Structures are given as structure tokens and as C-alpha cells.
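**Student:** According to TrEMBL, the record shows the following:
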DOMAIN    12-332  domain 'FMN hydroxy acid dehydrogenase'
BINDING   Tyr38, Tyr145, His268, Arg271  glyoxylate binding site
BINDING   91-93, Ser120, Gln143, Thr171, Lys244, Ser266, 299-303, 322-323  FMN binding site
ACT_SITE  His268  active site, proton acceptor
Amino acid sequence: MLQRKTRFFRKLGNAYMSSLKDYEEYATTYMDRHARDYYGSGAEDELTLRDNEKAFQKYRLRPRLLRNVAHRNMSLSLLGHPVGMPLGISPVAFQKMAHPDGEVGTARALASHGGVMILSMLSTTALEDLPRMTPPGSVHWLQVYIAKDREVTKSLVHRADVAGYKAIVVTADSPVNGMWGVNMVHNLTLPSHLRLPNLQARGEVEGAGSNLRSKVGFSLLDPTLTWKDIQWIQTFTALPIVVKGVLTAEDAALAVEHGASGILVSNHGGRQLDGVPATLDSLPEIVRAVKGRAEVYLDGGVRRGGDVFKALALGAKAVFFGRPAIWGLVHS
């Protein structure tokens, strides 16, 4: 079956690619088992993974007629920096598992349209290399976990500041590893030719050939985190802080109170805690709670331009996506 699919895609090429579903099918056909499971799976029963997409189907658009739409401008400012569109790429780790270009490939493609690239601290590209290898004016944010060894996080933030990153995205919904059934069975490892350059300089994660779930969980994730840690980051950087993983109005208010400039409404793509709300369902209450005191963004379940429009209409200032970027990267 896999061989027939491969021949089919090779025969039709780009002519077949009419939607993200086509790119997803192409990518899952060509990726090896470890990469396919890592990028595609969710936590436990994958209820939230499915709900993220279904949430967009509950909303219908109310078109207004006879408006002059000959000239459209999607540009805006995010955290004080001009960008070409309200669309960006969420932090996705290990992108060179999908394609040799890895994070540089996704960042270059995005830069051609003016979006924001959030680089994962678990990237297979050094954070200093991304600005050097993308067009001038590209906007990059760095995602970090607050590690058990706080000096790990402090060093990464300092490096991002020096390299010209415009914001720090703190993942707040991962005090421990999520329960990924399929990946726990297959024991996720990084291929031998790949490295995690943002961490290996300090020896935090061995990288190639090691059990990445246990290594990352043991050495990085800290179950003692509190809101004071968001304030701690602000003691050594002036970069704006975006808190990623907020799903309730209460936590949105706390994020603002503790100095967040942005809130990324996210459930980790359904990969962390199964059974939490879809991000689109959480968005309206978070927008109301923030009351314009911080910028609000969304990721999770975005598969079409209409989905982006729905999130913007419900109050998001920008929309981010992860898995679709990987599917496109595989195809490139």
C-alpha cells in the first residue's frame, strides 16, 4: 500500500496538492515511523487533538456583500514589530527529522510572506544560525522551557537577545511529559546524524541515539514552576514574554498580572493533557479576561485560511500552526 501511494504522489507531484490534507497524506507517506508518530500523535486517547480541528467546524461565516476587496493588506504589528500577515509557525522540535533543511526551511518559506517564526529550544538548528540564514527583517521568537537548572533557560534567553530575537515564548503547560501512547511504545530517538545545538553546548541533552522523551523530561521539565518564574525571566531580559499554553480566563489574567506581553492560547497540539478544551473554544473567554492588556494569539487545529479568519474574528491578533508546516517541509 505504501509503495502504491509513493508512486501515486511521484506521478502527480504538485498538481495533486490542493489542500493541507493532501500535504498531510504526502508527508505521512514519506516520513519514517519515528518522525510520523512524533509529529502526528497526541496524548492518551487524542480527544483534544481531534477537538482542536472540530472546534472550527462549529462556526459559520456571515459574509458582507459589495465591499471593495480589490486591494488587501494583511500587515500588522506584533509586540511592536511589523509583520506581513497575522500568521506564524508554532515551535516544533527536531525539524530536520522531516527534511534536511529543518527549521531554516520553514523559516525561509514563512519569511517570504512576512510571518513570525517561533523557534523551539529543542530545534536541530542553532538559534544563532536562523537569523543569519533567513532574509533581513525576518521576525523570530524563541520558545523556552524553564528548566530545572535555571541557568539553562537564562543562557538561552541571553543568546536569543544577542542574536536579535524579538520575544521569548515560555511554554507553561508542560511541568511533566505528556502521555503519548504511540511514542512511548516506539521509544523516540533522534537520528544519529542530528544534534540539538541549543542544548548540547552545556551537555543538557545527549541528543542523537538517546531516548529523547526521558532525557528531556528528566533534565529540563520542572514540576515546581509557578507564576513567579515568569517574573524571574523579566529580571534578566527586556524582551517581551509570551506565555504559551493558557486555556482559561483565570490563567490569562494571572499571565498579564505577572508581566506577560502576549498570551498564546494553546494546548500543545493535543500532545500534553488530553481532555482539555479546544483552543478555539477557550479563545473568547481569554480575550475578554485580558481586556487588551496583552496580545492574544492562538494555535491548534488550524487547517485552512477560513480557520485563521475565524480565530481572528473571535479576538486573536495572530494565529500560529505547527503540524501543517512540517507537512509542507516534507513536501519541499
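Keep in mind that glycine also has a Cβ here, set from the backbone N, Cα and C atoms.
Given the structure is predicted, the values throughout are model-derived calculations rather than measurements.
Map the listed features onto the structure and describe their local environment.
**Tutor:** Around Arg271 (glyoxylate binding site), taking its Cβ as the centre, 24 other Cβ atoms fall within 10 Å, counting all chains. For the recorded site, Arg271 (glyoxylate binding site), the DSSP three-state label reads coil.
According to DSSP, Arg323 (FMN binding site) is assigned to a helical segment.
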**Student:** Does Pro91 (FMN binding site) have same-chain partners at least 6 apart in sequence with Cβ under 8 Å from its own Cβ, and which are they?
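**Tutor:** Counting only residues 6 or more apart in sequence, the Cβ neighbours of Pro91 (FMN binding site) under 8 Å are Ile118, Leu119, Ser120, Met121, Gln143, Val169, Thr171, Lys244, Gly322.
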**Student:** Quick check: in three-state DSSP terms, what is Pro91 (FMN binding site)?
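**Tutor:** Coil, per DSSP.
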**Student:** If you count other C-beta atoms within 10 angstroms, which of the binding-site residues Lys244, His268, Arg303, Arg323 is the most crowded?
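**Tutor:** Top count of Cβ atoms within 10 Å goes to Lys244.
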**Student:** Quick check: of the binding-site residues listed here (Tyr38, Tyr145, Arg271), which one has the Cα closest to that of Ala93 (FMN binding site)?
**Tutor:** Tyr38
**Student:** Given the binding-site residues Tyr38, His268, Arg271, which one's Cα is the least distant from that of Asp299 (FMN binding site)?
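**Tutor:** Comparing Cα positions, the closest of these binding-site residues turns out to be His268.
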**Student:** Rounded to the nearest angstrom, how far is the Cα of Gly301 (FMN binding site) from the Cα of Tyr145 (glyoxylate binding site)?
**Tutor:** 23
**Student:** Hey, does DSSP put Tyr38 (glyoxylate binding site) in a helix, a strand, or just coil?
**Tutor:** helix
